[in-house]
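Asker: The structure's right below; bear with me while I get my questions together.
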């Protein structure tokens, strides 16, 4: 109904105070007899009286609404709550008041609506080989050229008045989602033609999508919520975000929001979940249907005048779908809200609630008008609606040539193509009436007219006083931040485990590092260790926030959705998120820094300590903002993570420790000016050394014969020392070694603060401007080379197909034609007294209770029941897929017990379509056929059978298409067909299980799947299928029914009968009501047994079944089937291989699985190019950062740290491998292990082997990119061993890469999540870093940690790599590295140093110097002597290489063992 004013609103129906009953003291209109009353007095008294009566009336409304009694129909907690009555009362309370603002209503008129995008209906799959070929195309498209226009909507027109509901119908790909997004103003990624006309009640599309965003909303079918928030908090947040400035009844905002939350939860039947987590696919929470209702409730709480709902009933049963539509109807009738709803498989009761319907056919409008007139319109065109088909299904069938039925005599008159349907619509009188109505609407509500002013005033009245006039948000920016802070606190409170785990983990990391540098001495021997420790502390503080990239991407979809709802600015959420992270950052900084600072004996003075804490904290905040800005700047997590490794490497290399400033190459030295870490490191180094003098720990010369030398004849053996002094100035040391000066200390702090502010501003701006990547839509992707074939097929239109009248609808075909060559089944699967018990919280619960039944070849059996009845559980038990609990009873095949080959001889079509995204349809089928078909078939026969399956499932047109992911690859129907095809390709000898094959599909796709199942049964397949509340026509497709009640008890097992008469007769005979004419037997059946929402029964139907003659007949038949054990059977064979667990031998499994994994890597260029960037890119960066390094003391130290930084690549490789393995494992454990496709050993070994192969290639490239630019080959020229030592370096790098691969698999093999394995890798990486001998050699380690040095694989990696690349070569000192002192009188420097150099080595710059000349002494003259400082021996290089291979082997076998120990089921409990 159209509601344009408040005059036709209903009242609450409650009694209001009588105007005659006025409280004492009130003025009256009548006067005393002797009182003289003027006209002005009467006017004044009348005005006061009206005001007070109105106030009493409002108070009455408010008290009735917000203070309703316990059993009031307005109390959402009451069992008698009436949603429609509450809505009327709420309307009166909110809008019918003197100080209230008028309600906002929005209709929408659209004409010449053309929407298009740029792309292609087909694309080719990128691989490592062809990805580079796309670069020119991508560049050309980015510059605006080479784009192919794809039209999505063509000349759509319509009018939806305020308070009306529009039903949008069409199969997937018809443009329904695009239409709803366009109407809601969410056109990101879409292009609306400039000539398109849209009028929102006088408001233009630009105004609606900017100043009034949130007044027209689009709700997608995807559920995006914070999983750890409770349902109550999620909806309370939504209610608060849109709560008006003036609250009726004098309530606080919090009370108002809680009341609305309780009401909306009561409306959608989720009141019981108020304290339950929302959850998601990985976090346990409410059920899928309840989560969908949370999504609906969240959007509804905004009370937007125009609401667009895209398949929001997906996952809901028909009763809840109808209830959803009824709630929208109430909103429309009471508040004048306009709703546009795209709905799949709409029940008739839901369809009847709509005012108008729009039907789209491949983007063409073929009808718009009254919902009750739509069927008649298409019947006039010559189409016939079957008697039991719903109107919505009939309208959708117009878009399918195989489904629509043409009346006799209309064969050559009925339209066939989308264009013909659209043309007939344009010529219809209904369209002319529509155009006239649009013209009238546009005249009454002109753009930028008075309606816009009234709408803006109403919206302004709701917004905060501090909010801008043209802002779409209700709350002020401060209010948004406060609200988001509250939510962040709730998230933290609900799940503090991650935060606490990080705190504890970081604290233990600090303890470990502090123990390595425990109680450093206060002399010069601690110089290197102080620098190394401060470097580690700076990195720990700076990179503590690196995982915030992942955190931001986890919630990005949610933030963008709620920003579109106009709940808050994305920047407000970003600011609140940062503020809420500060306590953790401060606590973490305090724990880590206090532990490291004082345990290691850094400068124990108040001023330096607090300055260090100040620098560490500010640097941590700067880097946190950097990572947050980088995450908000990118569109996908791959874009964020891929370059992050290079960025982190640059930040580490150009800190000033690994490469001192004077050694930085000019082409890259600018990096340090942009690096907050370098400013922080300089500041803390100056803070540690400034103003201090350190006693010298060793002198040159010293030892026997030098005990009595004067102070001028010796010098401290460290950089910055001067002869004649026993102490070294800290300022001189940091200036000589690093080029740092004290005047930079506070300057650096200011720079860090400025960087933090600048990065924060950048982050907040990008959150507002940069949106995440959206799906390209359902685009078929082919292998390069076959894409042109697909494009040609795309050109074929409906006119090339036979006419609709010549194609009998598969839907109504009584006997589909059998497909020649498809495997038929002859064995009967039967079960008796099956029970299933599981332990939940130490209590045994029975899930299945004495279930009987059988499946015979050529029959289609439906398994139905209420949610929680155990339908899927029964399938799992019958298919031997349960891994916990106790199963009792018997499951037999032809009277024989099942053997170990049973699982591979049955097909199980899961509800989730799980496939490897990179394979083609044909490859997926061939993989199943080659590994699961019995060995008696040759490879050629198996592949030939695959082609027959392709034809059977009508997949020939897309047999070479890539599976992809939903949205970019196969659509929902094609994915479901592939799921069924994978099971058929295995030639199941026994039967086929299907779990909810039509769940979430539109009616057309559901019919297509049912046609397929019926075709399979006609080809001799035995099928058991779970299905949830099917339509009447779909239900009639089944032959038999197994109906379960709560607790897994059987209610009925037997024939359904023609028109479900057999089934209905059974219930009527046993006390159930008859099925009304035109009712759906499936829904009626559930109502009879009390399984439908709101239904109730006093009859114990499971007990009725046990006492029925039908049950006795079932028992007799089961007894007969047991006798089949003495007869020949297809499951009995003399071939031992037919009883084996797997059809293919282990070498064949390993070969096929390895080939597929290798193929997956090749077809995932993002992974391999990321690996290349990580390894080769990092190696080039390191190589040229240390380009042709010289063999000075500092130069050698730089090269040692070059190897140390190279270990960073190893750790990053481990992080990269882990999630890829999890993807493979999910598919294997969810489907392929259950169906016995191949063994777990083949799975683990093939994944490790393929990683070995790709990492070998990476090792070759990495070696070339690192070894030669650094110039390490020059060290081997002195011993004429360039080839042998270069080969050894390559072999060590190769072994290192294989170690990274095997270690990653060791970590993830037995662990459930990639996050946990990555956390373990992080801890292990820090341990291996710390104890490899570079930061502190074994002589400097506490005795407790020596074992860690010995068992650390990085120890032998570093030792082997440094000895092979640096060892046994001459070295020299730089000018600032020589130690200068005076020789004794009458002696040359050579004579004076002869004895010392014989023991300590080194060389003199001028051994003949004497007298006033100073001796210039270099402590080392050979690299092997230098390496001994790190306990590295050149002679052990081959031993170190061999030990690396030992680690690789141990890791590999450890991964296999851990997978078996933690992931492989060891057997089931069975009685």
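Even glycines carry a Cβ here, placed using N, Cα and C.
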Asker: Among 588, 842, find the residue to which Swiss-Prot assigns the annotation N-linked glycosylation site.
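Answerer: 842, according to Swiss-Prot.
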Asker: Suppose you had to name the range Swiss-Prot annotates as transmembrane segment; which of 1095-1115, 1116-1136, 1137-1157, 1326-1346 would you pick?
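Answerer: Of 1095-1115, 1116-1136, 1137-1157, 1326-1346, Swiss-Prot gives transmembrane segment for 1326-1346.
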Asker: For the feature transmembrane segment as recorded in Swiss-Prot, pick the matching range from 1288-1308, 1351-1371, 1372-1392.
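Answerer: Among 1288-1308, 1351-1371, 1372-1392, the range Swiss-Prot annotates as transmembrane segment is 1288-1308.
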Asker: Swiss-Prot annotates one residue of 311, 593 as N-linked glycosylation site; which residue is it?
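Answerer: That would be 311, per the N-linked glycosylation site annotation in Swiss-Prot.
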Asker: What is the nearest of the binding-site residues 865, 866, 870, 871, 872 to residue 1386 (N-linked glycosylation site), using the Cα of each?
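Answerer: Closest candidate to residue 1386 (N-linked glycosylation site), judged by Cα separation, is 872.
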Asker: What is the separation, in Å, between the Cα atoms of residue 519 (N-linked glycosylation site) and residue 1429 (N-linked glycosylation site)?
Answerer: 21
Asker: Going by DSSP, is residue 519 (N-linked glycosylation site) sitting in a helix, a strand, or coil?
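Answerer: Its secondary structure by DSSP: coil.
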Asker: Where among the recorded positions 519, 865, 869, 872, 1422 do you find the Cβ with the fewest other Cβ atoms within 10 Å?
Answerer: 519
Asker: Inside 10 Å of the Cβ of residue 871 (ATP binding site), count up the other Cβ atoms and send me the figure.
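Answerer: There are 24 of them.
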Asker: What is the nearest of the glycosylation sites 71, 311, 842, 1422 to residue 870 (ATP binding site), using the Cα of each?
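Answerer: Sorting the glycosylation sites by distance from residue 870 (ATP binding site), the top entry is 842.
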Asker: Quickly jot the same-chain residues contacting the transmembrane segment (1252-1272) by Cβ under 8 Å, restricted to those at least six beyond its ends, or write none.
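Answerer: Long-range Cβ neighbours of the transmembrane segment (1252-1272): 1158, 1161, 1168, 1171-1172, 1175-1176, 1179-1180, 1182-1184, 1186-1189, 1199, 1202, 1206, 1209, 1213, 1286, 1289-1290, 1293-1294, 1296-1298, 1300-1302, 1365-1366.
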Asker: Taking contact to mean 3 or more CB pairs closer than 8 A (sequence separation of 6 or more), are the transmembrane segment (607-627) and the transmembrane segment (751-771) in contact?
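Answerer: Counting Cβ pairs under 8 Å (6 or more apart in sequence), the transmembrane segment (607-627) reaches the transmembrane segment (751-771), since there are 3 or more.
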Asker: Report, as numbers and ranges, every residue of the chain located at least six residues beyond the transmembrane segment (578-598) whose Cβ falls under 8 Å of a Cβ in that stretch; write 'none' if there are none.
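Answerer: Distant Cβ neighbours of the transmembrane segment (578-598) are 481, 485, 488-489, 492, 499, 502-503, 506-507, 509-511, 513-514, 517, 533, 537, 540-541, 544-545, 548, 604, 609, 612-613, 616-617, 620-621, 624-625, 628, 760.
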Asker: A 10 Å Cβ contact count, applied to the glycosylation sites 1386, 1429: which residue has the minimum?
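Answerer: Comparing Cβ neighbour counts within 10 Å for the glycosylation sites 1386, 1429 gives 1386.
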Asker: Which one is it: of the glycosylation sites 71, 311, 842, 1422, 1429, whose Cα lies the shortest distance from the Cα of residue 866 (ATP binding site)?
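Answerer: Minimum Cα distance from residue 866 (ATP binding site) across 71, 311, 842, 1422, 1429 lands on 311.
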Asker: Which one of the glycosylation sites (311, 842) has its C-beta surrounded by the most other C-beta atoms within 10 angstroms?
Answerer: 311
Asker: When DSSP is mapped onto helix/strand/coil, what comes out for residue 865 (ATP binding site)?
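Answerer: Where residue 865 (ATP binding site) sits, the three-state DSSP reduction gives strand.
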Asker: Using C-alpha atoms only, work out the spacing between residue 865 (ATP binding site) and residue 311 (N-linked glycosylation site) and round it to an integer in Å.
Answerer: 24
